Amino acid sequence: MKFIIKLFPEITIKSKSVRQRFIKILQGNIRNVLRRFDDDARVRMDWDKLIVSSRNDQFREQAIEALACIPGIQAFLEVQASKFTDLHDIFEQVKAVWGDQLEGKTFCVRAKRHGKHEFSSLEVERYVGGGLNQHCVSNGVRLKNPDVKINLEIDGEELFIVSAIHQGLSGMPIATQEDVLSLISGGFDSGVASFQFIKRGCRVHYCFFNLGGAAHEIGVKQVAYHLWNRFGSSHRVRFTAVDFEPVVAEILEKIDNGQMGVVLKRMMMRAAAKVADEFQIPALVTGECVGQVSSQTLTNLNVIDRVTDKVILRPLITWDKPDIISEARRIGTLEFAETMPEYCGVISKKPTVKAELSRIEAEEENFDFAILDKVVAEARYLDIRRIGEETAAEVQEVETTAESGDNEVILDIRSMDEHNEKPLLVEGREVMHIPFFKLTTAFGDLPKEKTYLLYCDRGVMSKLQALYLKEKGFANVKVYRP
């Protein structure tokens, strides 16, 4: 298999040195991602494109899925590559590939060249198009809106016949910009905000302030792992979990009710800045949107920002909620967010919408900052690549099996799209489909005399859900890995 990678246009207009650096970074990113499943993948750098090749055609679908999610790629062409001698040879090769597919259809030929040739791109289009029109049973040439568009790329002595064009993610290659630390809660906003900076070329590390116990942390890890695994797996990033319950308890006891929301956000920014300093990260990212909740007025955001010199980036600051939800659906975090509890907004009954810095600072004089220092010092740092391994260790008491028994039901917990695309069929066994985001509420209604085997494609989600169900007191659960 072979693909031609078309660069995001902003890369191509950079100066020569910057463009070459960005392309080289993208080359490494693609190589890192593809070699997670295909050791034979090769990535060759050219002036305005990259060429990906592998002898392992069985990984074609995985490669297409991976390339579509790598920042910096505008589009990628699936091609058949060969050498050619002259125009007629090009025609013969194109006819062998496309001839049978033109029956009863209009078509046109589009060619792009790079290098020195005795013919122009237009001459290629005319010669190949005219030859196909004469030798194939088609409905003729139509230059505008044809039924079939045949794309050719000629680079030196190489001919690339394009069989499919796939849309890329666009954006900048990861690591062309500086690192950021995203304050992730698992909700709609923070996941989308994190994605925006992945797409813009930043390594996005994650900082989670735990207000809801182990189940909440498991859910947020799922979101962070999903974002990394789908869009950012070319680079190592960290997931930091900070137990913020002692901080909330201190706020509830010492801070005036109306000021609690702003004070809590200021404490989070202080803690996040300390975490960022630990890893020399210059900026923080939040999913805040102006006016969405009481703490997100311009006045309050200004007061919140005063606690740190770090740049606080808010990519969703003007987004409407329906647009955020739509983007969450597109990037695959919607289903996580729909079942994620929100804790931050419930601690103030009458929150201020116009905080005064002097009053906030006066309230904070009652706060014991040793508590904040302690929770940051005790924060847990995790290489996000190890989330799956850590989960496996945490659920070691949950049996993993490749077989199913007579009194066992296989539960396919993948999303609806994944289930519909590749339904799980096990001969002679009952298979039920309950998406992971409905499992928490639906599991208690299932017959308790049966044992349920949780299945997902990679085994990470099933292990996380098994741990959660175990914590809820359900013993009749296993992980299914056929």
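Every residue, even glycine, has its Cβ placed from backbone N, Cα and C.
Of the residues Lys199, Lys265, Lys274, Swiss-Prot puts just one in the ATP site with Leu183, Ile184, Gly287, Gln296: Lys265. Among the binding-site residues listed (Ile184, Gly287, Gln296), Ile184 has its Cα nearest to the Cα of Cys456 (disulfide bond). Sorting the recorded positions Leu183, Ile184, Cys456 by the number of other Cβ atoms within 10 Å puts Ile184 first. Gly287 (ATP binding site) carries neither a helix nor a strand DSSP state and counts as coil. Per-residue confidence over the domain 'Rhodanese' (404-482) averages 82 (mean pLDDT, predicted model).
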